[in-house]
Amino acid sequence: MSAMASLLFHLLCCLTVFWLLPLPSHSADPDPLQDFCVANLSASISVNGFPCKPASEVTSDDFFFDGFTQEGNTTNAFASFLTPGNVLSFPGLNTLGISMNRVDFAPGGINPPHSHPRASEAGVVIEGKLLVGFVTTNNVYYSKVLTAGHMFAIPRGLVHFQLNVGDGKALAYTAFNSHLPGAAIVPLNLFASSIPNEVLTKTFQVDAELINTIKSKFRP
């Protein structure tokens, strides 16, 4: 019996180790193992990130980004424009686990309901008045109207939005704990994709005519 008990104990220990090993992967991005790893965006192979550009080819410009200096063009259906500062536009962020966006809003503009599957979000309003809100997995809604200098936080993966409720334009900067947080934009995922009408009519309990009308708003 003692041998059997010892075997069961070691088996339990092994199972515990195998269960704990994946836990670090639940953090936003893996910690870097070198000073920097400027992304080689043209590499043909990547595993959960981008390979490093050879250190001999790295320059000062790889660590600076001027993409936020220009106001975004808000003449679109949502009357807003998002300028990303992630690894795709700023390769120096590769493996650092951080990124930012600039979000410009025309009067009445909205950054529509969306979620970030790989990151939590923090933001600050620079100009204007924004209604910022998110919904939990229990369908609890949290929101507040923010003005310049106010900061907000959005937990990872939760659906959220920002709406310009002021009289003029608005500007916000958002930050993420991932170099590529991703964005699942709810209206585009549903009505600009190839999801069959049958799925949408059953989901929203409406007829196909209404679904087609909504889809027509999101066609190029």
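Counting begins at 1 with the first residue displayed.
The backbone N, Cα and C atoms fix where each Cβ goes, glycine too.
Note that the structure is predicted; figures quoted are calculated from it, not measured.
The record in TrEMBL pairs Cys52 in a disulfide bond with Cys37, which is drawn from Cys14, Cys37.
Here oxalate is bound by Asn101, Asn111, His116, Glu121 per the record. The longest Cα to Cα distance in that group is 14 Å. Excluding Asn101, Asn111, His116, Glu121, which define the oxalate site, the same chain contributes Leu82, Val103, His114, Gly123, Ile154, His160, Thr174, Phe176, Pro181, Ala183 within 8 Å (Cβ to the Cβ centroid), listed in sequence order.
Close to the recorded Mn(2+) site, the chain also has Ser115, Phe134, Ile154, Leu158, Val159, Pro181, Ala183: residues not among His114, His116, Glu121, His160 whose Cβ is within 8 Å of the site's Cβ mean position.
Note: the CA-CA distance between Cys52 (disulfide bond) and Asn101 (oxalate binding site) rounds to 23 Å. Regional average pLDDT for the domain 'Cupin type-1' (66-212) in the model is 97.
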